[in-house]
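As structure tokens, the structure follows; a few thoughts come after it.
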Amino acid sequence: MRIGILTAGGDAPGMNAVIRAVVRSAEREGHEVIGIKRGYKGLIEGDFIKLTSRDVGGILDRGGTILLSSRDPRYKKLEYREKAYKNLNEQGIEALIILGGEGTLAGAKLTAEETGIPVIGVPCTIDNDVGGTEYCIGYDTALRNAVDAIDKIRDTASSHERIFIVEVMGRNRGFIAVEAGLATGAELILIPEERFPREQIPEEIEKAKKLGKLHFIIVLAEGYCRAKELEDFLLEKIGDKYGEIRSTVLGHIQRGGIPTHFDRIMGTKFGVVAYESLIAGERSGFVAYEKGKFYIEDFEKAQEYKPIDREAYKLNTRLAI
């Protein structure tokens, strides 16, 4: 079998572990893997490269993706998808493994339906917001990066008795904010799912100061509001009454760096399951992980709402005294 593999959308640490596992599993059993560079863009433009076990040597500890990635809105148009399908046919690709988040998996579903070839997705996103699976590749590393940064910010916030707003990724969901906030002892976590009233934030700061706290850390998911917006609001409401107010956006630092051991191991397991499911005859779906078990889930599930750990959120509120 000739298997195509691509990574699309935002990169996630651990993608290389998935690629390595697929290539080596396939080669061991006499199958061939063709890398498609820059995601759906490469599929449209015919940017293909043969991958061997040597090509994927020494990549487990590398962040990002050796296949490169992009977001290409052209793939939403049938004329460009037909061009991509023509390229697949000319390359003799009989099956696809597609790595990415919700949007990428929606494209994978469409590809499976329109081409009839087997397509298996692997959920890879630092936001951890793909429905139908407990875990998405890249989340653990992003969480580590956020925690490391917030720990460092607390050092300087403490030294200068400041109020710090730290914005983390999470356009629609607060997974990183909740766990990073709990792990670093944030005084307040703000996420789109809970919508803590903005007007009450000055009260929380005042309450903390009365309890003897010398500094105050707010971990803010970008989907709640932007850090500068909240900084301006607090400056208007309380000024520097309780200490200087500063904001920091962690941004893409959360995406990069050496993948954690967990993302390397999970990436390897996700990759092997994706490959084995193709060989076993699966035609369409993505690799899901739930309660210690891997299985193939319907693509539709990827778009379903995935709840955050509200117990963790409430626990942080209880302990932030």
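Cβ from N, Cα, C; glycine included.
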*May I ask you to find which of GLU194, GLU199, GLU222, GLU282 Swiss-Prot records for the substrate site already listed with THR125, ILE126, ASP127, ARG162, MET169, GLY170, ARG171, ARG246, HIS252, ILE253, GLN254, ARG255?*
GLU222
*Looking at Swiss-Prot, which one out of ARG2, ARG71, ARG144, ARG154 binds ADP in the same site as ARG20, ALA21, VAL22, VAL23, ARG24, GLY185, ALA186, GLU187, LYS213, LEU214, HIS215?*
ARG154
*May I ask you to find which of GLY4, GLY10, GLY14 Swiss-Prot records for the ATP site already listed with ARG71, ASP72, GLY101, GLU102, GLY103, THR104?*
GLY10
*Helix, strand or coil at VAL22 (ADP binding site), per DSSP?*
helix
*Under a criterion of Cβ-Cβ distance under 8 Å and sequence separation of at least 6, what residues of the same chain contact ILE253 (substrate binding site)?*
ASN145, ALA149
*asked:* Through the lens of DSSP with three states only, how would you label ILE253 (substrate binding site)?
replied: helix
*Relative to the Cα of MET169 (substrate binding site), which of the recorded positions THR104, ASP127, GLY185, GLU187 has the closest Cα?*
ASP127
*asked:* Just to verify: the residue among VAL22, MET169, LEU214 with the fewest other Cβ atoms within 10 Å, which of the binding-site residues is it?
replied: LEU214
*asked:* Going by DSSP, is ARG71 (ATP binding site) sitting in a helix, a strand, or coil?
replied: coil
